[in-house]
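Everything below concerns the one structure shown next.
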């Protein structure tokens, strides 16, 4: 069989880049809190994850509005809120007739021409604004906020009257369910608005900001003019009529305005219209009157929908165009030349590509759905002005699973190191180009050579690798996945550490993963651009860039590097700057970089390539014709394809029609591949978000989407094995089942419930729990369900500290959340394994302390006292008797009952006094006066007599079983003395 070296699989772990921040007063809508500034949100989060002089990170458990990959808005979890020190420029971006937002220069905004940094925006650029903002719809959360009970009808009346008065806690516009908020809006608009021409105009005054966003809960986009809000445009007026409306003469005026108005917001997406037109086989001429929307006139929402409907039907003369491009027809050459498909009688690259697309009919409704979603969900507003100013203080940011959120009604975004590596495609397009795989990004070695140039000479040998395959998924998934031959899915890793901030929780987590799976790695010491006085040259190699720095900046870099080197030493690693490393098998290489400006990326790529070839060559040799092996990254449903699996193939070649065996929930799934799909190249015609290339085979290493029957139950993280023969199928089934059975747990024992997103992460979490001797009742893949909560509840009844759910990188289903709240079942979710377990252990400790405090408040402690023999210490003989005593063992408190040596009760201690001070407790050795209710000196008690605190059986059991560690030696002695007294009447006490 033919062997060749495949490209290494690289995972990126560690620091999440949070250089892109907003000023403290920028606001977000948080359904459980309201309309709050980022600073206020930070202050509500009490759990500090990390803190130093430069930044503070706090854990957050809130949901906020974000835009997902389909272009739709929804609520996503915000898991952390950051406060970061910033000294330098900030950019104020003000949109026309809308809000503004102030951000750090590198913060990206979504425009009609893709993501643009704040410092690259210019007046006239169109920026994305949501048409929908999501508030709270949960009555319980609302009632928890207002702390007042009213019926639904009473609340509606309250909100309506508040609207008429124009007075409300603005947070209620987002914390209250829509059914109440709409009543406020009705009252507000009834009292203050007019219908003028084709608009509804309301005087909003100080409510202009929150009111404009509250209207977005109903899909009503408004314009801001001073203190006025203006609702205009067909779909906004229609939504206003449907949700709010009028009950007087304005109702008719509103209907007339809707009739008169011609359209809604405009969408200047000229390039997208051209792309779709060509994809569906139309020339500009065939587009007729719609052609003007391609470069000169932006269509309204309604016009855009018409264009999309027209294009979606496809060109009736497509077969003719195919024949022309194939050279079978000579007609209409001029038109296709004008479109750039033919030049000098030959097909252009665009012409060749379109011929393939048209022949295979590789276009359908999915190609226009994304644009439809964008138009339904977002509005593009022109930038009015961009101002730059100096700022010295704190800036804030949020960590969300979608890397974007809505601030001040504007979509803002975060990016990663991998995004910067992808950007090198622009500079090196002619060198082969970076291609997008399913779940991975391939960087051909030609691109590495183009970027690195003379740096390749550092390795004194030709690089033979075909390229590098970067895994797109979160770092942990690259490692915590089952791989039959052992080890991790990644061959090599890049650990990203902020050189200014040092180690963070995810850094430590990543190091533990790398150590556990014995994965070689290099360190990218990011954000050197933030070193004071650092001279920036975009995309420059580090070794060239450092020569431009003054001595002070170089010295600061050296200091920070030594701090990092010291930290790695604590974890058992010898580390050094990459160009000073003598032996790469013994020393960890640190590459100083700026992901933001591309400094040092060249060295990083060359280092990865060189190390992979030098030290991993044998591991990277694969049997080209051998059966494929891979790992499932994700299971998802695709329109027209059904359930599919996204797989990284790390060995062999996978063919269309191969029989494969994959891991399922409780079985091995055997199925036949119906289609192998890879994303199309990132070009102007085909959109990789929704379009795939159908391929006949893929060879390792590669990311691929597999469509096949019966994949509904497939598990992320499980193996995929190609099986050419029935014997291979049985062997693969056995192998996969053994791995699943090793990880998925289902027992009747008392233990925690564990859920994870993949089999591999489930295995990793379970192992950590077992190492800490935390028992597991059930471990499975998937979101937290209602069944999981009920299972945890049954455990809770037996042992409260184990009646919990630990979820790694999973969501909690809505019904599960409701039951968990109602039944008080604790659910821990997170995306850092050790942090998840740490949180659980901390909670157990708190619960045990709480339980101990409760027991301490209820239990009676043992105590033995002796009355002084001298009559002078009898201060009162009765009602109550007051006598001087010494505590000879244990302790006494007011409220305890005293007994004699024969077990007879003599009375209750009402108070304890030492000189002029009343005490709540007296311990061994203390001499005090006590008041005894019910005792008479001379009849029931006598000077010199020994008395004992009366304990119940429950007291004794609680003290010995649950509070043993709180008992002092003297308490134990007192307990034994009391037990001796009580054993005369009750045999139970003889055992103590």
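Residue positions begin at 1 at the first shown residue.
Cβ coordinates are placed from backbone N, Cα and C, and glycine is handled just like the others.
Applying DSSP to the domain 'DOD-type homing endonuclease' (96-220) sorts its residues as follows: 58 helix, 27 strand, 40 coil. Per Swiss-Prot, domain 'DOD-type homing endonuclease' is recorded for 96-220.
According to Swiss-Prot, the domain 'tr-type G' annotation covers 399-616.
Secondary structure at residue 529 (GTP binding site), taken from DSSP and collapsed to helix, strand or coil, is helix. Around residue 529 (GTP binding site), a 10 Å sphere centred on its CB holds 19 further CB atoms from the protein chains shown. Summarising the annotation, Swiss-Prot assigns GTP binding site to 472, 473, 474, 475, 476, 526, 527, 528, 529 and lists similarity to another entry as the type of evidence.
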Please give me the CB contact count at 10 A for residue 527 (GTP binding site), counting all chains in the structure.
24
